[in-house]
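In Swiss-Prot this protein carries:
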type    : residues                                 : note
BINDING : Gly13, Gly14, Gly15, His16, Ala17, Gly18 : FAD binding site
BINDING : 273-287                                  : NAD(+) binding site
Amino acid sequence: MIYPKTYDVIVVGGGHAGTEAALAAARMGAQTLLLSHNIETLGQMSCNPSIGGIGKGHLVRELDALGGAMALATDKSGIQFRRLNASKGAAVRATRAQADRILYKAAIREMLENQENLDLFQQAVEDVTLDGERISGVITAMGVEFKARAVVLTAGTFLSGKIHIGLENYEGGRAGDPAAKSLGGRLRELKLPQGRLKTGTPPRIDGRTIDFSQLTEQPGDTPVPVMSVRGNADMHPRQVSCWITHTNTQTHDIIRSGFDRSPMFTGKIEGVGPRYCPSIEDKINRFADKDSHQIFLEPEGLTTHEYYPNGISTSLPFDIQIALVRSMKGLENAHILRPGYAIEYDYFDPRNLKASLETKTIAGLFFAGQINGTTGYEEAAAQGLLAGANAVQYVRGQDPLLLRREQAYLGVLVDDLITKGVNEPYRMFTSRAEYRLQLREDNADMRLTEDGYKIGLVSEAQWRMFNEKREAVEREIQRLKTTWYTPQKLAEGEQIRVFGQKLSREANLHDLLRRPNLDYAALMTLEGAMPSENLSAEVIEQVEIQVKYQGYIDRQNEEIDSRRDIETLKLPDGIDYGKVKGLSAEVQQKLNQHKPETVGQASRISGVTPAAVALLMVHLKRGFKDAK
């Protein structure tokens with residue numbers, strides 16, 4: 001049957017990408033349908049019970065700046081919060097939280113069920129329908145056809161998923177859930193370029209069988225950090241600690257004894273795994289000289305005894321898993337509640353996507369999350385929001401939301417995917433960005449909220465909060481510039497106490513704050529330095545960073561401006577680069593294969609040289625008339 005209601009946007013999949021995509025589209029006013037094989041697992045944390053971290057936390061803040069759900073759900077479910085790299089530069093400081101799985105899923109479910117313009121339906125999707133070269137809808141397992149003008153696919157690890165434990169394997173999307181075999185086959189029929197990747201998860205441990213007296217405690221931070229600009233510490237549930245143990249030489253010998261039954265080393269697994277989250281057997285094989293690896297025991301929630309041993313993801317046989325777990329200090333009597341496993345799944349080459357995350361071959365079809373070759377909740381959620389928003393923009397015939405590399409880590413992520421592709425699961429690091437100083441956690445709202453508000457992603461309440469913060473920052477910076485001190489105005493002892501030396505000349509608070517040995521709090525102890533208004537910690541942090549890093553930021557802005565013409569210069573559709581004189585055969589082949597949308601994208605394709613970019617610029621100035 002054909003369902004009687006036609007939707008603007010259909011989202012397939014209810015993981016982190018799918019829920020953000022559906023919420024984004026509905027917030028923008030589009031009639032949206034979210035389809036999942038099981039609505040009880042919407043927003044489920046399939047692997048580790050944590051959100052954020054270096055690079056990933058930056059993505060979460062960017063999501064939040066665009067009205068996304070992940071940061072707020074984390075504030076409602078986080079049972080431990082830590083500020084990473086707090087003593088380092090502002091660019092690499094990041095927030096990480098342990099989340100209660102049940103509370104996190106409940107927070108996401110509550111947002112979904114209370115979001116206007118959003119319908120939920122429980123049914124697996126087995127087919128997509130086309131009208132020529134445009135998407136027109138989907139068909140579910142029981143034959144219901146849902147019509148829509150745009151479809152966002154967020155299938156995670158479910159497309160032709162295969163689970164491995166030792167030499168045993170079976171079809172599955174994750175433990176306890178079926179694979180999306182029919183949909184995977186249908187997408188392959190559409191000639192979309194695809195491959196296989198792999199990820200894994202560790203065995204889960206019953207906390208009642210852990211001897212915590214032998215472990216090192218790792219508490220959260222005090223005061224407790226907050227993830228969302230819409231959140232606060234009062235939202236947080238009870239806070240708990242993580243615990244640290246280590247592998248040892250006995251552990252490593254046990255792991256090596258299972259190599260002959262490991263699907264990784266016997267060729268059973270063909271997919272490539274994540275480089276920066278390797279299995280324990282991969283770590284022992286690659287780093288044979290190391291006698292020990294740190295393992296974090298992370299609580300899964302407040303109402304369960306289950307612990308997640310971060311660092312021993314494995315697909316070794318279950319008997320080896322038991323032995324390796326029990327070889328570690330504090331885990332000698334540990335009971336495993338669930339075995340670790342690896343999962344192989346289909347992904348589709350993201351070089352077949354536009355910067356909007358729409359496929360180049362099927363109009364109105366968008367991909368987000370692990371289907372694009374990424375790994376991680378945060379990477380998936382960020383793509384989901386962007387794909388959901390751009391599906392609405394596509395339906396309305398409006399320009400997509402495109403984020404530049406110097407504007408957002410989400411811009412870096414998408415640009416890396418669509419220009420370079422992936423040969424292993426992609427995860428975000430701050431080192432992937434050229435302009436890290438611009439892309440800090442603390443200024444995500446300053447970078448993105450206005451763009452989100454313009455297209456309807458950001459609520460009026462969040463927009464009002466943002467403007468209040470932005471105006472407070474501007475007022476305080478101006479006040480610092482107009483508050484002056486002379487050597488005569490301050491007692492000599494006061495000068496030495498605050499500045500570490502005597503003032504040699506008149507200076508304002510703005511210039512004094514730029515000194516590396518001074519911070520805002522110390523300056524405010526000067527007589528007459530305190531502002532008349534009460535400033536939030538977020539405003540003070542923003543003021544201090546803007547003032548202290550102003551010189552570096554200005555230099556980066558100059559560099560960005562010098563490249564802006566290259567970055568945004570559009571390449572005409574349908575160009576045959578083989579007819580562009582001066583380009584080598586290799587460059588012609590790669591440009592024709594990748595079909596970049598801008599000169600900036602072309603410049604980041606492997607093998608495209610600066611000389612080739614210069615030739616493209618020359619031809620663009622001439623109009624490309626002869627090259628078409």
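Cβ coordinates are placed from backbone N, Cα and C, and glycine is handled just like the others.
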So which of the binding-site residues is most packed in, judged by how many other Cβ atoms lie within 10 Å of its Cβ, out of Ser279, Asn285?
Ser279
Which of the listed binding-site residues (Gly13, Gly14, Gly15, Gly18, Gly273) has the least company, meaning the fewest other Cβ atoms within 10 Å of its Cβ?
Gly273
By a simple count, how many Cβ atoms lie within 10 Å of the Cβ of Ala17 (FAD binding site), its own Cβ left out?
33
Nearest of the binding-site residues (Gly273, Arg275, Lys283, Phe287) to Gly18 (FAD binding site), judged by Cα-Cα distance:
Gly273
Whole-number Å value for how far Gly15 (FAD binding site) lies from Glu281 (NAD(+) binding site) (Cα to Cα):
28
Output field, FAD shell: CB within 8 Å of site CB centroid, site Gly13, Gly14, Gly15, His16, Ala17, Gly18 dropped:
Val11, Thr19, Glu20, Ala21, Ser36, Leu42, Gly43, Thr154, Gly156, Gly369, Ala380, Gly384
His16 (FAD binding site): secondary structure state under DSSP, collapsed to three categories:
helix
Which one, from the binding-site residues His16, Arg275, Lys283, has the smallest tally of other C-beta atoms lying within 10 Å of its C-beta?
Arg275
Please report the distance from the Cα of Gly273 (NAD(+) binding site) to the Cα of Gly15 (FAD binding site), rounded to the nearest angstrom.
20
Work through the binding-site residues one by one (Arg275, Cys277, Lys283, Asn285) and name whichever has its CA nearest to the CA of His16 (FAD binding site).
Cys277
Write down the Cα-Cα distance for Cys277 (NAD(+) binding site) and Gly13 (FAD binding site), rounded and given in Å.
24
